[in-house]
Amino acid sequence: MQPPLFVISVYLLWLKYCDSAPTWKETDATDGNLKSLPEVGEADVEGEVKKALIGIKQMKIMMERREEEHAKLMKALKKCKEEKQEAQKLMNEVQERLEEEEKLCQASSIGSWDGCRPCLESNCIRFYTACQPGWSSVKSMMKQFLKKIYRFLSSQSEDVKDPPAIEQLTKEDLQVVHIENLFSQLAVDAKSLFNMSFYIFKQMQQEFDQAFQLYFMSDVDLMEPYPPALSKEITKKEELGQRWGIPNVFQLFHNFSLSVYGRVQQIIMKTLNAIEDSWEPHKELDQRGMTSEMLPEQNGEMCEEFVKNLSGCLKFRKRCQKCHNYLSEECPDVPELHIEFLEALKLVNVSNQQYDQIVQMTQYHLEDTIYLMEKMQEQFGWVSQLASHNPVTEDIFNSTKAVPKIHGGDSSKQDEIMVDSSSILPSSNFTVQNPPEEGAESSNVIYYMAAKVLQHLKGCFETW
């Protein structure tokens with residue numbers, strides 16, 4: 001019985017695989033679909049290339065606009081740098097004059113101050129002792145106050161900050177040069193990408209409609225008949241002048257030169273003579289000492305005013321001959337130059353802040369441009385790679401053939417499309433399976449196959 005069983009088993013297996021093999025009708029349907037693959041595929045390729053060329057055109061337009069914005073930024077940066085250098089130069093000149101005046105004043109003021117200080121200290125301490133008993137505390141306060149006056153007149157103020165270091169300017173210059181180099185290279189890359197895409201356009205120009213040809217070859221300043229690609233990422237920018245509102249530092253120089261000396265004179269007169277003006281009711285005080293009119297119980301308001309402000313001691317300078325006009329005539333230029341130097345330093349700080357802000361805006365503008373360019377190149381740049389392979393759309397879809405394959409007896413899911421890509425790609429051939437839900441005779445298969453082939457080709461170009 002064993003031989004008959006063996007024969008029956010072989011026969012049943014043969015029938016099974018015979019039933020699963022493709023019929024002539026199904027094979028003819030697959031071959032018929034493949035004959036229409038070049039026509040459908042070429043239409044898809046033309047549409048995808050057209051979309052990519054529109055994206056490349058938009059990228060070129062965007063880059064040209066970005067170049068204009070970058071040029072305005074660099075112009076503003078150059079102007080701000082010149083203004084900053086002028087502010088630095090002005091501050092250096094004031095500092096040199098201040099140092100010269102301090103050296104001259106220091107030599108002459110020491111002797112005069114040594115003669116003025118004892119008399120001024122004596123009168124002031126007597127007054128403050130009468131107003132506020134406590135010799136040690138009053139004497140300590142007086143020494144600190146007089147020491148501040150001497151330090152202000154004989155040496156540079158400790159509050160004056162050093163001018164900005166030259167190394168900082170050099171570092172900023174290097175940063176600007178780096179930004180300029182990156183942006184220039186980005187512009188070159190964008191132009192190169194467009195040139196390669198333009199070569200593809202010339203190859204396929206006859207396949208495109210007249211409106212698209214006019215658009216792609218038109219000047220970028222004309223109206224655009226096609227909506228911009230990546231419209232969500234490219235937003236309208238405000239005018240640079242309205243957006244930043246950079247003040248004119250040269251105008252600040254002019255205003256500074258007109259007002260600083262007037263303010264300095266007012267500050268000096270206020271500091272040295274304000275108390276003297278309020279002293280008119282008490283001119284009857286003589287140089288021999290304090291009278292009963294200055295006692296706390298009779299002049300409480302005056303004592304309270306002087307205790308709150310030790311600069312009231314300067315009122316007694318008229319009691320001493322050597323102190324009479326010391327602060328206003330001995331070294332009049334030193335206080336004025338100190339204030340002028342502080343004003344110049346403030347101007348330098350303002351110009352440095354403006355320069356830093358424009359550098360930051362330029363850096364942000366560069367980073368934003370790089371981001372947009374990368375996004376657009378990622379989406380549309382694949383078309384430029386066709387230029388180095390001399391593609392012909394017919395070759396892509398003519399080099400195809402059906403490969404029958406057995407799939408567990410389901411003849412409607414057996415076919416695959418093999419694409420010979422050696423004519424346009426260095427990679428080996430690849431196959432595309434029929435969609436699971438469609439049979440070989442379905443008309444939807446050809447569109448599915450064409451889309452898969454095009455997707456594969458685009459993926460290969462995008463990785464290069």
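Glycine is no exception: its Cβ is also placed from the backbone N, Cα and C atoms.
Database features (Swiss-Prot):
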SIGNAL    1-20  signal peptide
COILED    56-109  coiled coil
DISULFID  Cys105-Cys331  disulfide bond
DISULFID  Cys116-Cys323  disulfide bond
DISULFID  Cys119-Cys320  disulfide bond
DISULFID  Cys124-Cys313  disulfide bond
DISULFID  Cys131-Cys303  disulfide bond
CARBOHYD  Asn195  N-linked glycosylation site
CARBOHYD  Asn255  N-linked glycosylation site
CARBOHYD  Asn309  N-linked glycosylation site
CARBOHYD  Asn349  N-linked glycosylation site
CARBOHYD  Asn398  N-linked glycosylation site
CARBOHYD  Asn429  N-linked glycosylation site
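The structure, with features from Swiss-Prot marked on it.
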residue	record	Cβ neighbours (10 Å)
Cys116	disulfide bond	22
Cys119	disulfide bond	17
Cys124	disulfide bond	24
Asn195	N-linked glycosylation site	12
Asn349	N-linked glycosylation site	14
TODO: Provide, as an integer number of angstrom, the distance between the C-alpha atoms of Cys124 (disulfide bond) and Cys116 (disulfide bond).
DONE: 12
Task: When distances run from the Cα of Asn349 (N-linked glycosylation site) to each of the recorded positions Cys116, Cys119, Asn195, the nearest one - done: Cys116
TODO: Write down the Cα-Cα distance for Asn195 (N-linked glycosylation site) and Cys119 (disulfide bond), rounded and given in Å.
DONE: 89
TODO: Could you round the CA separation between Asn195 (N-linked glycosylation site) and Cys116 (disulfide bond) to a whole angstrom and send it over?
DONE: 84
